[in-house]
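K.L.:
Among the features that TrEMBL reports, transmembrane segment is placed at 22-45, 163-185, 191-215, 227-246, 317-337, 344-364, 376-396, 403-422, 434-456. Taken from TrEMBL, the feature region 'Disordered' applies to 96-125. Taken from TrEMBL, the feature compositional bias 'Pro residues' applies to 110-122. What TrEMBL lists as domain 'Major facilitator superfamily (MFS) profile' is 279-503.
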């Protein structure tokens, strides 16, 4: 492939990022997602808290009351009794008390007035006192986003003045993505409150940086007004469709569904990254997602083995041994081979094998069935790690000064994110949809991410990027050189005078 053809994706990417229309689209979608998340929780949170707290508490109290209540001795509806008084047999009702039989009378127990309040109208929820108290809690939860955003906004404004708009914009998308995922899998009021407050931080970064970026690319006052109107249309549209979208998805699909949709859109819209950081974020994402697979297995695989395989204790840890051994082999083997076959190709194949191995884990029927998938998983992660770490150093050599601390800090952050998000969300996903679907989700993510490694095949260096831009905007360059009279050695006393005369 010719060098020009290899640089086509990078040229297209650079041209797209320089487009003002793309900036407008990104800001529009950012405001749309932020305000959809703002209003999508409105119909979900009150009913979710009622279901989990009020109905859950009543459901747990009812069986306890049933167990504590003494069993009622039911007498047969009719029984016979022999009377020694007159040597006759009489038939009595089972509900008649002994005292009544002795007295020769039979009466029904007196009716007691109802002690509970009449049931609510059909279709209404019970627990009026609980719902009244929920007004305060739900109100505080909804207000937490605006309160946090109020505090963070001035700091974000100062930050954008120092480092620009791109990095804060990208940080806002990442925080918004994490907040949306937390909403999807939070099961208590505390976690919902944290997710809502975190949304306020993400909203500060995305909205302040987004509008500032929009104002910087639309310098004409009239064009800037039109662009701001279109961008704020995303805000209005998010407020308009957020609540109906949330209620319909919650009713017919489930609580997590609307938040997962918004998280996916936030991840896509976050593709507007700074050009200088994109080559580093690609390998960082590969490190994060490949290691996230084994991070999700650590808390969930032993429990799944106990449920489906009835595995003894010693097998729960031995199941990870093939992955550890194959990872050791993979890192040492491909530390050499990756440079020969191409590190981008090695990482691409590795991520695809990671995804396939994760998809095969639920197919195992016993511990021996886990040897193949776990071995492939560890070997493939070794391929990715041993390829991506040198690539990040190579990118620093191409594009920046050879100072590697920052880039390997990014790599370490990617590792930490994988091992932080994986276990924390894996258990919630298993509880919601099951262990096999968890493996399907993370496996498909790795397979879908693998083709992006192709962009690391020949990343442009700093000089190459300048050459690409110069083809679009050719400039005439002119060099200037000064000539200075050289003096012969050895110098004499009259040399200074001669030099002045020549000048």
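Even glycines carry a Cβ here, placed using N, Cα and C.
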K.L.:
For the transmembrane segment (403-422), what are the same-chain contacts with Cβ under 8 Å, counting residues 6+ beyond its ends?
P.N.:
178, 181, 280-281, 283-285, 287-296, 298, 388-389, 392-393, 395-396, 442
K.L.:
Suppose you look only at the domain 'Major facilitator superfamily (MFS) profile' (279-503); what would the mean pLDDT be?
P.N.:
78
K.L.:
Need a quick answer: max count of Cβ pairs under 8 Å to the transmembrane segment (191-215), which of 22-45, 344-364, 434-456 is it?
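P.N.:
It is 22-45 that shares the most Cβ pairs under 8 Å with the transmembrane segment (191-215).
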K.L.:
List, by number or range, the same-chain residues at least 6 past the transmembrane segment (22-45) whose CB is under 8 A from its CB atoms?
P.N.:
16, 138, 141-142, 145, 169, 172-173, 176, 179-180, 183, 192, 196, 199, 202-203, 206-207, 210-211, 213-214, 217, 227, 230-239, 241-243, 245-247, 250, 255, 258-259, 262, 265-266, 269, 272
